[in-house]
Amino acid sequence: MHPAHLLVLLAVCVSLLGASDIPPLPLNLVQFGKMIECAIRNRRPALDFMNYGCYCGKGGSGTPVDDLDRCCQVHDECYAEAEKHGCYPSLTTYTWECRQVGPYCNSKTQCEVFVCACDFAAAKCFAQEDYNPAHSNINTGERCK
């Protein structure tokens with residue numbers, strides 16, 4: 001093999017090793033995103049909800065900016081309740097399917113059922129509320145006290 005080819009191969013291997021340090025999203029969050037898209041019938045990507053209002057996304061505080069943000073607050077509270085029962089919501093995967101009428105949970109274990117129910121309720125709530133682009137990526141430090 002030509003030395004230049006070896007250098008290119010080495011560079012690719014090193015960059016792949018570096019990329020392996022990037023943590024993936026917990027599988028449950030991927031499932032939750034798919035469940036949201038099922039419930040809202042793909043009207044918008046689930047990622048649009050990641051930084052919405054005071055509660056949609058990581059953490060949450062203050063008063064929800066609207067009813068959609070309130071869906072996220074209730075979801076956070078549901079996850080907190082699951083943790084009190086010994087579950088790890090962000091790591092718990094569950095079995096569900098997207099049916100004609102929307103998401104349907106068919107998990108078996110207590111934690112899977114609990115977490116799926118939290119995600120199901122939030123996804124259905126998202127489907128019933130309006131998305132206001134003005135509430136996306138707000139300054140939570142100022143707005144969510």
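Placed from the backbone N, Cα and C atoms, the Cβ positions cover glycine too.
Taken from Swiss-Prot, the feature signal peptide applies to 1-27, supported by experimental evidence.
Per Swiss-Prot, the feature disulfide bond maps to CYS38-CYS98 (among others). Counting Cβ atoms from all protein chains shown, CYS38 (disulfide bond) has 20 others lying within 10 Å of its own Cβ. DSSP assigns CYS38 (disulfide bond) to a helix in the three-state reduction.
The annotation disulfide bond is assigned in Swiss-Prot to CYS54-CYS144 (among others) on the grounds of experimental evidence. Within 10 Å of the C-beta atom of CYS54 (disulfide bond) sit 23 other C-beta atoms, taking all shown protein chains into account. In the three-state DSSP assignment, the secondary structure recorded for CYS54 (disulfide bond) is coil.
Summarising the annotation, Swiss-Prot assigns disulfide bond to CYS56-CYS72 (among others) and lists experimental evidence as the type of evidence. In three-state terms derived from DSSP, CYS72 (disulfide bond) belongs to a helical segment.
Within the same chain, residues at least 6 positions away in sequence whose Cβ sits under 8 Å from that of CYS71 (disulfide bond) are CYS56, ALA122, CYS125, PHE126, GLU129. Annotation source Swiss-Prot lists disulfide bond at CYS71-CYS125 (among others).
The Cβ of CYS78 (disulfide bond) lies under 8 Å from the Cβ of ALA117, CYS118, ALA121, ALA122, each on the same chain and at least six residues away in sequence. In the three-state DSSP assignment, the secondary structure recorded for CYS78 (disulfide bond) is helix. As annotated by Swiss-Prot, disulfide bond applies to CYS78-CYS118 (among others).
What Swiss-Prot lists as disulfide bond is CYS87-CYS111 (among others). Listed in sequence order, ALA82, HIS85, GLY86, CYS87, TYR88, THR92 are the same-chain residues six or more apart from CYS111 (disulfide bond) with CB atoms under 8 A from its CB.
Annotation comment: Swiss-Prot describes CYS105-CYS116 (among others) as disulfide bond. The local packing around CYS105 (disulfide bond), expressed as other Cβ atoms within 10 Å of its Cβ over all shown chains, amounts to 18. Mapped onto three states, the DSSP output places CYS105 (disulfide bond) in strand.
Within the same chain, residues at least 6 positions away in sequence whose Cβ sits under 8 Å from that of CYS144 (disulfide bond) are GLY53, CYS54, GLY60, SER61, GLY62, THR63, ILE138.
Fewest Cβ neighbours within 10 Å among the disulfide-bonded residues CYS56, CYS87, CYS98: this applies to CYS98.
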